[in-house]
């Protein structure tokens, strides 16, 4: 296996591209969607389930794992991979997005961000050095720098000031974790809100610091699709072509397709798992709201083309019954199915890019998932 951080480009189609990223726990074929395992678990699934659906990498959350059970405990017990029984690659976010989502419970300074725990109200400081230390304890394959995710609608003055802070924090993160240390990769994050020149400025500054990969943050925060695609189309090409590009927090099928078309390699989002728990399921015939009365006597499989256990074994009527009855099995089967759909969708996208027919594949999927879905 190549050294961690090796990024080998494969065939492309327009700006869409395939590649292979090597980490300490294996290689990842891109473009890739990363299921979110917030607290050391993808809700309702076992690691063997993730292997069965061919999940190539999962995401863990620094904020939640720091508060409970604690990063030092995880380190003492052998690191996050051993703790959760997953031997594939793991990316951990910096926890910044969760902290900034606390709004009134946090305060930003040059040193970092002070916040109150959502669990018990205790006060904590996330500095760049602290989030790096936490992620080193967790032992993730890819760690993210601390950044400020600017809220949608922030004015230019605030966005520009925040951009400078994010850059200074990125430098401190890099200093706290030198390139190549422990085989753990570190990705920088480009901010700049919805100002194209500030996005370009942020990209230049973050690239100058030097990271193993680069992420676009601050999108899918309340803006319209048109606004997101406009920024995405301009910002993605600013990121180095020879390093992985990561679009954070974006997961609707047509948004993944737009990201791939712009040259993005990695995506994460709670959408497929959260929607599963809400009874909204993705199929290759379109979206299914399993709680609808029309499925009460429907003996057909959820998706006859899907190889997941739920589709091979149960009817739509049974899946509806489980959901209406609030049975725990509903969450498990629905999650298993949705993540299988996303895994297959990305595999088909990679194949379409390799074969030079990505535009046709994108149009086919967008017809199934029109604007607003």
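Glycine residues also receive a Cβ, built from the backbone N, Cα and C atoms like all the rest.
Sequence-distant contacts of residue 93 (active site, proton acceptor), defined by Cβ-Cβ distance under 8 angstroms and a gap of at least six in the same chain, are 59, 60, 61, 62, 63, 144, 248. The DSSP secondary structure for residue 93 (active site, proton acceptor) is strand. Per Swiss-Prot, active site, proton acceptor is recorded for 93, and the stated evidence type is sequence analysis.
The annotation substrate binding site is assigned in Swiss-Prot to 93, 94, 95, 96, 97, 147, 191, 218. Around the Cβ of residue 94 (substrate binding site), the number of neighbouring Cβ atoms within 10 Å comes to 27.
For the region 'RNA binding' (249-255), same-chain residues at least 6 beyond its ends with a Cβ under 8 Å from one of its own Cβ atoms are 33, 97, 217, 219-221, 225, 228, 267-272, 282, 342, 345, 365-366, 368-371, 373. Taken from Swiss-Prot, the feature region 'RNA binding' applies to 249-255 (among others), supported by sequence analysis.
Per Swiss-Prot, active site, nucleophile is recorded for 268, and the stated evidence type is sequence analysis. Sequence-distant neighbours of residue 268 (active site, nucleophile) (same chain, six or more apart, CB under 8 Å from its CB) are 33, 34, 35, 36, 59, 91, 246, 248, 249, 251, listed in sequence order.
Residues of the region 'RNA binding' (273-277) grouped by DSSP class, helix first, strand second and coil last, total 5 helix, 0 strand, 0 coil. What Swiss-Prot lists as region 'RNA binding' is 273-277 (among others), and the listing cites sequence analysis.
DSSP assigns residue 308 (Zn(2+) binding site) to coil, not to a helix or a strand. Annotated Zn(2+) binding site per Swiss-Prot: 306, 308, 311, 337, in sequence order, evidence recorded as sequence analysis.
Summarised by DSSP class, the composition of the region 'RNA binding' (249-255) is 3 helix, 0 strand, 4 coil. DSSP gives residue 268 (active site, nucleophile) a strand state. A simple Cβ count within 10 Å picks out one of the binding-site residues 97, 311 as the most packed, and that one is 311. Beyond the ends of the region 'RNA binding' (273-277), by six or more residues, the same chain brings 35-36, 42-44, 331, 334-335, 337-339 to within a C-beta distance below 8 angstroms of the stretch. Across 93, 94, 95, 96, 97, 147, 191, 218, which the record gives as binding substrate, the greatest C-alpha separation is 16 Å. With a cut-off of 8 Å between CB atoms and residues at least 6 apart in sequence, the same chain places 61, 62, 63, 64, 66, 126, 131, 134, 146 near residue 95 (substrate binding site), listed in sequence order. Classification of residue 147 (substrate binding site) by DSSP places it in coil, neither helical nor stranded.
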